[in-house]
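**Q** Questions regarding the structure given below will be posed in turn.
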Amino acid sequence: MAGVGFQRWVRTLSKGKISGISGLLPACRSGEILTYFPINIGEIAAAAKKYNIRVEDYKPIADNGEGYGDYPQLPDRSQQDRDPAYQWDHPDLRRNWNEPMHWDFDMFIRNRVDTSPTVVPWSTMCKQLFGFVGFMLFMFYLGDKFPAYQPVGPKQFPYNNLHLERGGSPDVEPEEVKNYEI
Amino acid sequence: MHPTTLMYTSSLLLMFAVLLYPLLVTFTSLPLNNDWASSHAKTAVKSAFLISLAPLSLFLSTGMEAVTSSWTWMVTTTLDITLSFKFDHYSIIFIPIALYVTWSILEFATWYMHSDPLMNRFFKYLLTFLVAMLILVSANNLFQLFIGWEGVGIMSFLLIGWWHGRADANTAALQAVLYNRVGDIGLILGMAWLATNVNSWDIQQMFILSKDLDMTLPLLGLILAATGKSAQFGLHPWLPAAMEGPTPVSALLHSSTMVVAGIFLLIRMSPLMENNQTALTLCLCLGALTTMFTATCALTQNDIKKIVAFSTSSQLGLMMVTIGLNQPQLAFLHICTHAFFKAMLFLCSGSVIHSLNDEQDIRKMGGLHHLAPFTSSCLTVGSLALTGTPFLAGFFSKDAIIEALNTSHVNAWALTLTLIATSFTAIYSLRVIFFVTMGTPRFLPLSPINENNPAVINPLKRLAWGSIFGGLLVMLNINLFKTPVLTMPAELKLAALAVSILGLLTALELATLTSKQFKVTPLRTPHHFSTSLGFVPAIIHRQIPQLSLLLGQKIASQMVDQTWLEKTGPKAIANATTPLASATSNMQQGLIKTYLTLFLMTLVLVTLISAT
């Protein structure tokens with residue numbers, strides 16, 4: 001069993017198309033998964049057919065050495081952005097069967113990033129939120145500088161400022177302390 | 001052991017056993033009977049409540065508190081962890097209240113979740129949550145508290161995502177877990193600092209040993225933990241999103257018990273915070289900001305549960321303000337009274353929602369005070385208690401807090417914000433009552449309005465008694481540690497009442513405008529700010545996940561290969577050597593002039609070098 005698989009792998013490698021361990025994958029043998037960046041019109045048509053997109057809509061991701069191959073560049077819209085009332089094949093995922101998946105599809109599921117349009121533009125939202133927070137922080141700083149408190153005065157004690165209780169001698173005449181004015 | 005001590009500690013441990021028994025029964029492979037939820041779970045909670053009244057009465061008559069250390073878990077040379085329960089006045093008063101509220105909610109849930117095929121599992125989850133909460137509240141060391149803390153977080157996740165086929169519920173559950181996790185970082189930071197510097201997680205030992213230490217860092221960690229768990233500003237969006245869960249979940253977890261866990265932690269650790277002005281000021285400002293912000297958001301919401309959720313968040317901010325005033329006992333008082341009327345508000349919302357065939361939008365309700373009079377009355381009583389109507393439950397705690405705020409040396413802006421939030425409380429409470437109970441019905445004629453079920457009436461009745469008399473009962477029997485300031489000018493004494501009445505009159509005026517054909521166009525900018533919850537979810541829930549997920553994906557898939565193969569590996573070597581090779585080969589083209597120039601340059605270079 002393993003020997004048969006090994007022979008098939010060697011044969012696939014010798015064809016020169018796919019290198020390495022990915023040659024073991026069944027899809028590699030028919031060249032179904034990622035192939036190279038399409039250059040001519042034939043490769044573009046084949047790639048569009050492979051990914052189930054029309055040739056006019058197919059646009060590969062730019063070849064910057066990032067290894068995307070011929071994977072299409074789909075619009076960065078999340079699943080939450082899609083029409084909830086349309087009769088999707090998978091209504092909870094808002095997706096039809098065999099639809100091309102975005103490269104970052106796991107980021108755009110309904111539990112993650114939402115790209116649906118907001119009520120106000122992004123810049124307005126940021127300005128208002130961070131302006132609000134900044135204003136609050138500034139006002140808290142001012143409030144700390146000018147706190148609110150009830151007016152208080154120094155403590156007043158009876159018996160001539162507690163002369164005896166504070167260890168003063170009973171023979172010495174204490175100085176008169178008047179804590180009131182008439 | 002003295003018989004009183006024996007009775008005290010054994011009744012509390014019996015209470016735990018009574019609550020754990022139904023849970024342990026579910027672990028056997030025997031099938032549960034159909035009414036397990038009402039016959040076992042609800043009865044267990046009711047029995048536990050009645051058992052917990054015994055130690056409560058012992059405490060009220062003798063002032064008895066106890067610490068029970070049952071079992072040594074692990075002992076190292078520097079740190080030892082035991083299973084120990086602290087039954088002091090905080091836990092002894094909170095436990096019966098939590099059990100009373102849970103009993104009412106479970107009875108209500110037997111009606112609300114009647115059509116759910118997995119009702120037994122729902123009750124099991126609620127019981128597990130209750131046990132975790134009681135562990136948290138009675139913990140005498142931070143390790144045990146952490147067990148309870150994580151337990152309530154996990155149960156919150158499972159219960160918010162109860163209807164897991166709904167993507168929005170899953171998102172809300174995920175939000176709850178992630179925001180709580182951020183708070184947990186703070187708690188673990190605090191625990192780590194205390195373990196390394198004070199060598200103990202035991203509450204009594206920590207208080208004694210940390211007397212001369214600078215506690216700012218662990219206190220900031222604990223405040224972060226409270227921010228996450230109690231939905232303070234910055235980590236607050238999970239609480240309104242948690243309304244995706246069933247109404248009994250919202251009533252139990254996200255109003256009375258779980259969300260107060262953060263505040264409870266700060267109350268327990270208040271002796272550490274007393275001398276640290278930074279921590280107190282931070283609590284005060286954070287609480288004031290939370291209470292005002294969430295009250296603003298509550299003004300324009302149309303989902304009845306969201307309004308009550310924001311109301312909860314606002315009251316939690318008020319509790320945080322109280323802690324910032326160095327009045328932990330007043331915060332605890334507010335926790336106790338808040339549990340009654342907030343749970344009742346949620347149960348009333350649940351009754352209304354089910355009666356109108358799962359309609360949650362207040363714009364599609366109305367006239368219910370004729371059709372569901374008991375529910376409407378309880379809604380009104382709960383709202384009045386929330387706003388601090390004199391001599392109802394909320395008055396005793398809320399008025400005491402506002403008085404303490406007015407007579408303290410306190411940040412003026414925090415004071416202003418709290419008073420504004422108090423008036424907003426009156427406004428959105430009236431809004432709920434106006435839209436739900438008053439006016440003419442705005443829903444479909446064939447709605448299954450039926451509140452005439454003892455499973456609905458009895459819980460509401462019990463919680464209504466609690467909302468009316470709870471505050472008075474707790475206030476009469478509690479001994480305040482810190483002397484309250486009793487003499488103040490009349491304006492300060494009546495400030496809370498005046499501000500609430502002002503809010504009420506404003507709301508009434510706005511409400512009557514609708515019947516006068518007065519086309520009120522709200523100012524769009526603040527209205528959008530309030531309706532979109534301050535744009536916090538829109539910005540934070542898009543920007544941060546997108547950045548981290550995109551970056552993670554790019555680094556893992558593209559950038560590793562690109563770096564090692566292109567930027568530093570074979571292709572980089574090729575890009576570096578090709579210009580060198582082409583320059584060298586361009587020179588070696590057989591042109592005599594090039595060679596003669598090179599000879600001249602070499603000669604000049606050698607002459608210069610040998611000359612120096």
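Even glycines carry a Cβ here, placed using N, Cα and C.
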**Q** If you look at how TrEMBL annotates this chain, which of B:214-233, B:374-393 comes out as transmembrane segment?
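**A** That would be B:374-393, per the transmembrane segment entry in TrEMBL.
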**Q** With pairs fewer than 6 apart in sequence excluded, do the transmembrane segment (B:463-482) and the transmembrane segment (B:247-267) have three or more C-beta pairs that lie under 8 Å?
**A** no
**Q** State the residues, same chain only, that lie 6 or more residues beyond the ends of the transmembrane segment (B:89-110) and have a CB under 8 A from a CB inside it; answer 'none' if no residue qualifies.
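**A** Result: 12, 15, 37-38, 41-42, 45-46, 48-49, 52-53, 55-56, 59, 65, 119, 122-123, 126, 130, 133-134, 137-138, 246, 248, 251-252, 256-257, 264, 267-268, 332, 335-336, 339-340, 343, 347, 350, 455-456, 458-460, 462-463, 466, 470, 474, 478-479.
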**Q** Taking helix as H, G and I and strand as E and B in DSSP, count the residues of the domain 'NADH-Ubiquinone oxidoreductase (complex I) chain 5 N-terminal' (B:73-123) in helix, strand and coil.
**A** 29 helix, 11 strand, 11 coil
**Q** Could you give the residue numbers and ranges of same-chain residues that sit at least 6 residues beyond the transmembrane segment (B:48-69) on either side and whose C-beta is under 8 angstroms from one of its C-beta atoms?
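**A** Cβ under 8 Å, 6 or more out: 4-5, 7-9, 11-15, 18-19, 82-89, 92-93, 95-96, 99-100, 102-103, 140, 204, 477, 479.
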**Q** If you average per-residue pLDDT over the domain 'NADH dehydrogenase subunit 5 C-terminal' (B:428-609), what number do you get?
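**A** Value for the domain 'NADH dehydrogenase subunit 5 C-terminal' (B:428-609), mean pLDDT as a whole number: 91.
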